């Protein structure tokens, strides 16, 4: 009986920790103001769960850093936006995550807000695939 309980606990632990932060395929909308439309492209980004906690008693000396699923490494890829005006720059570079980890959110390169615009937001009504 103890062996069965051990295996149940082990698989529950594995399901929680191993299915955490990982690369995920997403579709994002890219746009340029000069082109006046959006296109959808596929890329990879980090998504998942990280072990975190919110302390009941806040300690002003020790900051409470929440861990989030974020990129560890990424590269930029470039796409040519079709239909732009001749004088407009039609090249658009976007990030592609290559590795993920649980860490603090880097506000210099990432939208860390709870209610961001989202990857499919488009300023223009017309969208091209």
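The backbone N, Cα and C atoms fix where each Cβ goes, glycine too.
Here Swiss-Prot flags 1-20 as signal peptide, drawing on similarity to another entry.
In the three-state DSSP classification, residue 69 (disulfide bond) falls within a strand. The disulfide bond annotation in Swiss-Prot covers 21-69 (among others).
Residues within less than 8 Å, Cβ to Cβ, of residue 25 (N-linked glycosylation site) and separated from it by at least 6 positions along the same chain comprise 42, 43, 44. Per Swiss-Prot, the feature N-linked glycosylation site maps to 25 (among others).
The Cβ of residue 35 (disulfide bond) lies under 8 Å from the Cβ of 81, 83, 84, 85, 88, 90, each of these being in the same chain and 6 or more residues away along the sequence. Per Swiss-Prot, disulfide bond is recorded for 35-84 (among others).
Per Swiss-Prot, the feature disulfide bond maps to 38-122 (among others). A strand conformation is recorded for residue 38 (disulfide bond) in the three-state DSSP classification.
The feature N-linked glycosylation site is assigned by Swiss-Prot to 42 (among others), with similarity to another entry given as support.
For residue 100 (disulfide bond), applying a Cβ distance below 8 Å and a minimum sequence separation of six or more within one chain yields 21, 22, 23, 46, 48, 69, 70, 71, 72. Marked as disulfide bond by Swiss-Prot: 46-100 (among others).
Positions annotated as disulfide bond by Swiss-Prot: 50-102 (among others). Counting every protein chain shown, the number of other Cβ atoms lying within 10 Å of the Cβ of residue 102 (disulfide bond) is 17.
According to Swiss-Prot, the disulfide bond annotation covers 105-112 (among others). Note on residue 112 (disulfide bond): other Cβ atoms within 10 Å of its Cβ, all shown chains, come to 13. According to DSSP, residue 112 (disulfide bond) sits in a coil region rather than a helix or strand.
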Would you mind reading off the Cα separation of residue 50 (disulfide bond) from residue 105 (disulfide bond), to the nearest angstrom?
12
Restricting the comparison to the disulfide-bonded residues 102, 105, 112, which residue's C-alpha is spatially nearest the C-alpha of residue 38 (disulfide bond)?
112
